[in-house]
Amino acid sequence: MALTTISPHDAQELIARGAKLIDIRDADEYLREHIPEADLAPLSVLEQSGLPAKLRHEQIIFHCQAGKRTSNNADKLAAIAAPAEIFLLEDGIDGWKKAGLPVAVNKSQPLPLMRQVQIAAGGLILIGVVLGYTVNSGFFLLSGFVGAGLLFAGISGFCGMARLLDKMPWNQRA
């Protein structure tokens, strides 16, 4: 089912007329940065619990970070929100910001966990390669180990590095 994609400015007009804006990103992404009018309903929660019945007769605009998550899950979102009139925000919150519309940013919140994993994994791989060339070839094993961990995470859905980073003090929420 093809859902209508709308521009940020069109979405803002619909919101002003009572449409509900639903952010399907994870809580850590939302807490760091979100559109002020958006309500958080992560895709994983929507899949389990569905949409509240009171919203099923509203206009609903779903959004994510860049629009990919909403477009990839358009059929699921349509089924979850039926019979509501459903729209997808073009380019997600990134498009909203590019259009010059306001976002609420909380820099005291940590970066989203997956970004932390990408930074840590990329840094460890780079360190392993640089040290492997300059100090001792044994350091290449570090890069191989991190690469194997990422491969395992992709296949199994379990990311040990994400679990470890989630336990770090800066990721502990009060």
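Placement of Cβ uses the backbone N, Cα and C atoms for every residue, glycine included.
Residues or ranges marked as active site, cysteine persulfide intermediate by Swiss-Prot: CYS64. For 15-105, the entry in Swiss-Prot reads domain 'Rhodanese', with the evidence type sequence analysis. Residues annotated as topological domain 'Cytoplasmic' in Swiss-Prot: 1-115, 159-174. Residues or ranges marked as transmembrane segment by Swiss-Prot on the basis of experimental evidence: 116-140, 144-158.
The average pLDDT the prediction assigns to the domain 'Rhodanese' (15-105) is 92. Under a cutoff of 8 A between CB atoms, and with a sequence separation of 6+ in the same chain, the neighbours of the residue listed as 'active site, cysteine persulfide intermediate' are ASP23, ILE24, ARG25, THR70, GLY92, ILE93.
Residue counts for the topological domain 'Cytoplasmic' (1-115) by DSSP state, with H, G and I taken as helix and E and B as strand, are 48 helix, 24 strand, 43 coil. Same-chain residues lying 6+ beyond the ends of the topological domain 'Cytoplasmic' (159-174) with a Cβ under 8 Å from its Cβ atoms: 110, 113-114, 116-117, 120-121, 149, 153. For the topological domain 'Cytoplasmic' (159-174), the DSSP-based tally of helix, strand and coil residues reads 10 helix, 0 strand, 6 coil.
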